[in-house]
Amino acid sequence: MADYNRYGHSYGGGYSSHTPPPSAPPAPVPTTSAPPPSSYGYGGYPSAYPPPPPQAAGGFGYGFVPVAFPPGTHPDVERAFRAADRDCSGAIDEHELQGALSTAYHRFSIRTVRLLMFLFNDPASSSPSRMGPAQFVSLWNCLGQWRGIFDRYDRDRSGKIDSRELTEALRSLGYAVPPSVIELLIANYNNGVPRNGALDFDNFVECGMIVKGLTEKFKEKDTRYTGSATLTYDGFLSMVIPFIVP
């Protein structure tokens, strides 16, 4: 029997309306003092979003469409969604999501944003190209956890993680990725740097989410955790193509 840890731990299989969205272990609790949480965005970075628009009288919405956030949502997360939802429709498209996630510290590429939209949106939604507040909150919290993983293994504080650091980061998530695959990941997600490549946070999120997503899809076929599975050609294409985001 294959070592279950090679697949990751404490995760449900697949991404759908019936399974939890992608996640990562929480970041370690910092030992140094920090400003109050209300001044922070995801991953411990100061939030620079403008105040939210005034709410509609008598309701929990704003503008034209009522918007309900999950109970306990941090005000900064609500503020980020409202700032991104410029047409007050109650949902945001990929460009609005890109603006919400991109801060002065980092800008997400549209390719990564499209992958996140695919992974976190409800496939049964009538508007799969737009994200509602519940999915946005789930994504925001997940990125905070992945930011903690990234910072933990970016030991030289370069803002990037190299192949060795990536190996350790993925192993901490439970994925024992072989060196040949690590090299392939670095080559494909390092913004075209041919040698001594390293991943910034945007690339790390995209790379990590793909490894996690494909691993969990594989686990659905490898029910005995032997490390091998039999797939039809159609099944293989159906498993891989959704992760190839233009």
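From the backbone N, Cα and C atoms, a Cβ is placed for every residue, glycine too.
If you check TrEMBL, you get these features:
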- 1-46: region 'Disordered' (REGION)
- 19-38: compositional bias 'Pro residues' (COMPBIAS)
- 72-107: domain 'EF-hand' (DOMAIN)
- 141-176: domain 'EF-hand' (DOMAIN)
- Item | DSSP helix/strand/coil residue counts for the domain 'EF-hand' (72-107) | 18 helix, 3 strand, 15 coil
- Please average pLDDT over the domain 'EF-hand' (141-176) for the predicted structure. 92
